[in-house]
Amino acid sequence: MGTPRAQHPPPPQLLFLFLLSCPWIQGLPLKEEEALPEPGSETPTVASEALAELLHGALLRKGPEMGYLPGSDPDPTLATPPVGQTIAAPFLPRATEPGTGPLTTAVTPKGGRGAGPTAPELLTPPPGTTAPPLPGPASPGPPLGPEGGEEETTTTIITTTTVTTTVTSPVLCNNNISEGEGHVESPDLGSSTSRTLGLLDCTYSIHVYPGYGIEIQVQMLNLSREEELLVLAGGGSPGLAPRLLANSSMLGEGQVLRSPTNRLLLHFQSPRVPRGAGFRIHYQAYLLSCGFPPQPAHGDVSVTDLHPGGTATFHCDSGYQLQGEETLVCLNGTRPAWSSEPPSCMASCGGTIHNATLGRIVSPEPGGAAGPNLTCRWVIEAAEGRRLHLHFERVSLDEDNDRLMVRSGGSPLSPVIYDSDMDDVPERGLISDAQSLYVELLSETPANPLLLSLRFEAFEEDRCFAPFLAHGNVTTTDPEYRPGALATFSCLPGYALEPPGPPNVIECVDPTEPHWNDTEPACKAMCGGELSEPAGVVLSPDWPQSYSPGQDCVWGLHVQEEKRILLQVEILNVREGDMLTLFDGDGPSARVLAQLRGPQPRRRLLSSGSDLTLQFQAPPGPPNPGLGQGFVLHFKEVPRNDTCPELPPPEWGWRTASHGDLIRGTVLTYQCEPGYELLGSDILTCQWDLSWSAAPPACQKIMTCADPGEITNGHRTTSDAGFPVGSHVQYRCLPGYSLEGAAVLTCYSRDTGTPKWSDRVPKCALKYEPCLNPGVPENGYQTLYKHHYQAGESLRFFCYEGFELIGEVTITCVPGHPSQWTSQPPLCKVTQTTDPSRQLEGGNLALAILLPLGLVIILGSGVYIYYTKLQGKSLFGFSGSHSYSPITVESDFSNPLYEAGDTREYEVSI
């Protein structure tokens, strides 16, 4: 055996970690341990917490010289969170799954394999951990002795350190917000926590007062694919689960969402370090409201306000009774709601109507509370001295199972005046002999739907009853319908009088027993016909009742030659097998424009010419009347081209168009000349159906002045509150004030503009006595000279040259009783010199200047006199006589007229 080889001491790092693993180090929790005090122990000190952080930092700062076990994370700084923080398992990458135990130290013999119970015990995770057992350390390398030497008997201490990654929870950033308005932003991605973990799970709960909802607007949104933002409404109350409003894929910048409750949740998740800019959302509370209550069948509803406190009032049509609360109130709450369920309008099966004036009797709905078998009895009682007229509006009875009887009286024993089993439906109705009518309806499992609508009216015995025309109008010469009154009938578009032609006028006759001289006509939707009006309606036969089988109706629509027809399908609900065909021309031989079957939505069709033919075919078959089956078609003529009709410019105004041609979408803008105002809409739009959105406006001359207004410290009286042309406004001031300006203003008209007042609005100024002019100072003057100066006016003084001003240059009139100047007017005094010698020097200077000048003048005068008087010569040569003899030049011309002109005189001066 060779000599044992000297052993090198372990590195300081290994010794330090070995000491850490010793059991005598107590109270220092490692990374995966909870730093919780044992029962009965004191709270760890600050020093122990700092030491724990120091140890944890030492683990993170291990260098390459510390080997890692297989399966450990190659970068512990990424896999190991700070002390006390956790990471959610679903977001962990596979490389960081738990697979290591606590810090261990193993003593391995030269064989390189763990021997004895010490190795597995040390490599086994402690109880309570989820990490699987670690494999043994790797086999050591070749022997440390010389090559070919014997086996060494010494052992080498190998210290293996592993880093444990524990499954922890994500970072939470929850926030409860109760303000009415604000912003919600994504977490600060620059924080140390976000940089270390990169895992976020944030829930922002926004709640406001009950009765308010929350409106959000996405101002900024920049998320990566791994990030998710959810917007949920509701929650926070028992039985009220949150409802998803939108997620990241549904959101966009500028988008607005509303929560129907007073609570809203924003849930943001990021499985790794966020790379996007995040989000910014603005929120604000808004007042919630109740939904609009549904309109009951055979009734109506009127709403004052949909917000809490508003009411909804329900009404039923004539012949129907309200079932439920008549008035509902919108109650405040998390979700405002009406105080009760909306009522319904039901036709009663029988009853007594007292003091009847005008109303209806309607049969109950089939299959209702009364069941298929009906026995309904109504008693209609009018006031004393009146009788009743009963008009049959709609009657559809099963001949075998239904029966209707009407008695003139108020009991079942009164005489029968109508029996459906024996009599036809009376077109002019029934008139009672007394003040009551007894109506009885019997129905036993009818094969067809029951339809009954009777209109009753009470009238005086000395008058005729008021005539009634369904789907038409009645005009009369006497609204009281006394004897001699005439009633004229006309039908609504789509209907025709039946019987056709006269009489469409009936007369109330016989004063002793007033009655109409003829029956009332009826308005019915006919099967076919020729229509040449610019606009009208085409109805299915017998509309609004269902058409009967076996129909073959043809309608011809004709408009002006330069026009074409726009057909709008409002209602189309025909039975299976029935068909409505539209031909683009005159007659069924024209091109087929459309074929309509079964229920159809609203639509529009245009003909190419001025003619359109409609044919409706319903094959014969067993009767199957159904309510609401048929069609309603509206038509009107439009220009052949795709333009709206030309509109002239308004008188006293003009219009501008957005397009050269009046095509669909063209906008016309109207304006008026000065002095005129626009009556009507100033903007018209060419609509899809080639009609204008409104009637063209007009320019009307403005005949009123604008309100001149009140005055301060005064009042006014007007001749007309509208201020028309010619009206007057008179102004007066309060005591102590005086009027400055015109007291009366008159509104007068102008040809080229709006009416104008005759003068400006006056003012009321404090009443003060004026200041008198103080006078002009001697050797001076003043500006703005006048006799009187009002309070507040100023006066300025000036002096002539050589005088100086003594006193105030400007004085002001101070108001008072009387008003006074601020000071006395100034004086103008001669300017005085203080040195008399300067006056003498001034005189000498004047003498020195004037004396030579006088001498020059005297000398010049003497010279002039000498030459002119004594020598007889002109000093300047301006005299007409000359002292020189003239030089004569002979002319070559013999003409005596020019001889004088040829004599030239020359003067030479030296």
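Note that Cβ sites are derived from N, Cα and C of the backbone, with glycine treated the same way.
Feature annotations, reproduced from Swiss-Prot:
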COMPBIAS  123-145  compositional bias 'Pro residues'
DISULFID  C173-C202  disulfide bond
DISULFID  C290-C330  disulfide bond
DISULFID  C316-C345  disulfide bond
DISULFID  C349-C376  disulfide bond
DISULFID  C464-C508  disulfide bond
DISULFID  C491-C523  disulfide bond
DISULFID  C527-C553  disulfide bond
DISULFID  C644-C686  disulfide bond
DISULFID  C672-C699  disulfide bond
DISULFID  C733-C764  disulfide bond
DISULFID  C771-C813  disulfide bond
DISULFID  C799-C828  disulfide bond
DOMAIN    173-286  domain 'CUB 1'
DOMAIN    288-347  domain 'Sushi 1'
DOMAIN    349-459  domain 'CUB 2'
DOMAIN    462-525  domain 'Sushi 2'
DOMAIN    527-638  domain 'CUB 3'
DOMAIN    642-701  domain 'Sushi 3'
DOMAIN    703-766  domain 'Sushi 4'
DOMAIN    769-830  domain 'Sushi 5'
CARBOHYD  N176  N-linked glycosylation site
CARBOHYD  N222  N-linked glycosylation site
CARBOHYD  N247  N-linked glycosylation site
CARBOHYD  N332  N-linked glycosylation site
CARBOHYD  N355  N-linked glycosylation site
CARBOHYD  N373  N-linked glycosylation site
CARBOHYD  N473  N-linked glycosylation site
CARBOHYD  N517  N-linked glycosylation site
CARBOHYD  N641  N-linked glycosylation site
Identify which of the disulfide-bonded residues C290, C349, C464, C813 has its Cβ surrounded by the largest number of other Cβ atoms within 10 Å, counting every protein chain shown. C464
Among N473, N641, C771, which are recorded as recorded positions, the nearest neighbour of C202 (disulfide bond) by Cα: N641
State the mean pLDDT for the domain 'Sushi 3' (642-701). 87
Within a 10 Å radius around the Cβ, which one of these disulfide-bonded residues has the most neighbouring Cβ atoms: C345, C771? C771
Round to the nearest Å and give the CA-to-CA distance linking C290 (disulfide bond) with C527 (disulfide bond). 47
The recorded positions listed are N355, N473, C508; by CA-CA distance, the one closest to C491 (disulfide bond) is N473
Translate the DSSP assignment of N247 (N-linked glycosylation site) into the three-state scheme. coil
Per DSSP, C173 (disulfide bond) is which: helix, strand or coil? coil
Counting every protein chain present, what is the number of Cβ atoms, excluding its own, within 10 Å of the Cβ of N355 (N-linked glycosylation site)? 10
Nearest to C672 (disulfide bond) by Cα, among C464, N473, C508, C553 (recorded positions)? N473
What does the structure give for the C-alpha distance between C686 (disulfide bond) and N247 (N-linked glycosylation site)? Integer Å is fine. 42
Rounded Cα distance in angstrom between N222 (N-linked glycosylation site) and N247 (N-linked glycosylation site) is 13
Which residue counts does DSSP yield for the domain 'Sushi 3' (642-701) in the helix, strand and coil classes, in that order? 0 helix, 26 strand, 34 coil
Cβ neighbours within the same chain of C527 (disulfide bond) - under 8 Å, at least six residues apart: P541, Q551, D552, C553, F616
Where does C527 (disulfide bond) sit in the DSSP three-state scheme? coil
Does DSSP put C799 (disulfide bond) in a helix, in a strand, or in coil? strand
Residue pair N247 (N-linked glycosylation site), C173 (disulfide bond) - Cα distance, angstrom, rounded: 19
For a quick check of understanding: among the disulfide-bonded residues C173, C376, which residue's Cβ has the most other Cβ atoms within 10 Å? C376
